[in-house]
Amino acid sequence: MSDYSTGGPPPGPPPPAGGGGGAAGAGGGPPPGPPGAGDRGGGGPGGGGPGGGGASGGPSQPPGGGGPGIRKDAFADAVQRARQIAAKIGGDAATTVNNNTPDFGFGGQKRQLEDGDQPDSKKLASQGDSIGSQLGPIHPPPRTSMTEEYRVPDGMVGLIIGRGGEQINKIQQDSGCKVQISPDSGGLPERSVSLTGAPESVQKAKMMLDDIVSRGRGGPPGQFHDNANGGQNGTVQEIMIPAGKAGLVIGKGGETIKQLQERAGVKMILIQDGSQNTNVDKPLRIIGDPYKVQQACEMVMDILRERDQGGFGDRNEYGSRVGGGIDVPVPRHSVGVVIGRSGEMIKKIQNDAGVRIQFKQDDGTGPEKIAHIMGPPDRCEHAARIINDLLQSLRSGPPGPPGAPGMPPGGRGRGRGQGNWGPPGGEMTFSIPTHKCGLVIGRGGENVKAINQQTGAFVEISRQLPPNGDPNFKLFVIRGSPQQIDHAKQLIEEKIEGPLCPVGPGPGGPGPAGPMGPFHPGPFNQGPPGAPPHAGGPPPHQYPPQGWGNTYPEWQPPAPHDPNKAAAAATDPNAAWAAYYSHYYQQPPGPVPGPAPAPAAPPAQGEPPQPPPTGQSDYTKAWEEYYKKIGQQPQQPGAPPQQDYTKAWEEYYKKQAQVATGGGPGAPPGSQPDYSAAWAEYYRQQAAYYGQTPGPGGPQPPSTQQGQQQATEANGYELHL
């Protein structure tokens, strides 16, 4: 046995058969220990008998006796077993304790209370404190827990829970906080969420909830907390929908409420409880920015008011009302005309009518697209009338008058509107270099599809070979209205970075070649009525009265196609032009004529006059017939009487003809064709049709020098395609 004392006499000889204390019973100490306690002291058999037990002796036991040593060994074993149990619970390896090393807590300490004369109760209390101090770090005090009520939007609960509870489980695992969502919001816009855990865990769970709600609303993460829990950035407003009118707000298949949400930029929830009576008013919850919520409320009330006035859901000649607007069907090939270049036309309609117009997205298979007009009912109807008038003008437009001399068949002036179209609609054929066809078609045909969608025309590559059989060119066909073809032509020219070359007269080509009138840019190249503003100059161009009816003038439908005339036109160009005149001039033309003919160009100074080319047809009679038919149109009622400029223009062109032939004022016109009568008749009829008041100076024929310059520009103008 080891000696735990630091001083005193050495221990006596061991007893012959028993415990280490000799006659333990004589000491007057406590009763002997349990039977197994003698293992350390080497006591003999028996418990409590003579020499056995190893029980600690009484106070009279001398220091260094066997009793205190046995007591200390039992305590050390208990501490060691407690440490091993704690190590197993904590998952750490058990620590082996060496009782004989000074590192153990009791190896080098004095037995102050043991050696003193303190009572036993104080000794046991001190031993208990020592055990508690060693077992304390094994079981740390539990952390503080808290429970907080948090509120989230009722509509975001499903997003927070996730599919199969995946999202809420992730929140609990990542934050270490228990999340419990209330089963019902009680009709309120927010639902209560109970968060239980340590303060830092609760805070982390709140941040994760904020991120989920912010992403669900389409905003950046972390911006919901202030909105949903007392902030001012979001507004929730409820309005009561009268019984039986909830279907008006929802619409067929939810179409109306979807349109309201898209137009106002808010979220709408119509709270419907299956247990409620159908005759009970139902709340409509609107969530969004304050001004958007207010706008949405007004839109909903407008729908309800229209229903009360008997106007909701009624159809008229312009389309069907949906959500306070009007739907107008527009032929797919005419969408580009309604929109206009760079959206100019649709912007003008919106500004004039005070509405908003949007084309609904569709699959592109139907023959029409729907233009949805939004605004007050009277303004919507006004915009619908404008669109329908525009579409009607596209269905009937004026036939184009003859084009410029030498104008290639099937072509049209680019950008300025000098050329005009003949028969309505139709198609045009152009040749494009083979190596640039891919730019027009695009990968998978995406470029040509985009051109068709933007312009409303139909562009395709022709299987026919070019007229000269050149393999380096391909033919493209564009079908549609003149405006659509022109728009598609410009887009193709931008793709190939060059002009298109028209090929052959096709259906809907231009009018026949004829004398070209003076150049005056303007819509549809109406002739210049009215008196000339400057002395010696030609009459200026006067625009027709502003109005939607004049934007796209009406034209008469053509007569049935004659195959005999078509065959003759294919073989003989003159026969083709003659067929054109006989076909189109037998019917009354539209109210707005095309460009007027121009006088022949005078020869340059010092050069002899050139005789007219041989084989060139004389279109003088055709022009006279053309303007006579135009003159048959009655004058507009209420228009003031117009001054007749016939004589002034006749005199002007006579002088031009004399100068062109090299003669003086009294010289005969010679072989040069005289268009004086045609011009005079044209301007007289134009002045009568448009109702323009004459200028203050009256008709003043232009000077000879300016007239020469005008005629030279007219005949020397090159038509760029």
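Cβ coordinates come from backbone N, Cα and C, glycine included.
If you compare Ser145, Ser175, Ser185, Ser192 in Swiss-Prot, the phosphoserine annotation sits on Ser185.
In Swiss-Prot, the feature region 'Disordered' is placed on 659-678, out of the ranges 219-238, 359-378, 659-678.
Local packing around the Cβ, expressed as the count of other Cβ atoms within 10 angstroms, is greatest for Ser481 among the modified residues Ser182, Ser185, Ser194, Ser481. Per DSSP, the secondary structure of the domain 'KH 1' (145-209) breaks down as 32 helix, 20 strand, 13 coil.
Counting other CB atoms no more than 10 Å from each candidate's CB, the modified residues Lys88, Arg443 peak at Lys88. Mean pLDDT for the repeat '4' (674-685) in the predicted structure: 69. The distance from the Cα of Ser185 (phosphoserine) to the Cα of Lys88 (N6-acetyllysine) comes to 48 Å. Counting only the Cα atoms, the space from Ser481 (phosphoserine) to Ser194 (phosphoserine) is about 67 angstrom. For the pair Arg443 (omega-N-methylarginine) and Lys88 (N6-acetyllysine), the Cα-Cα distance reads 71 Å.
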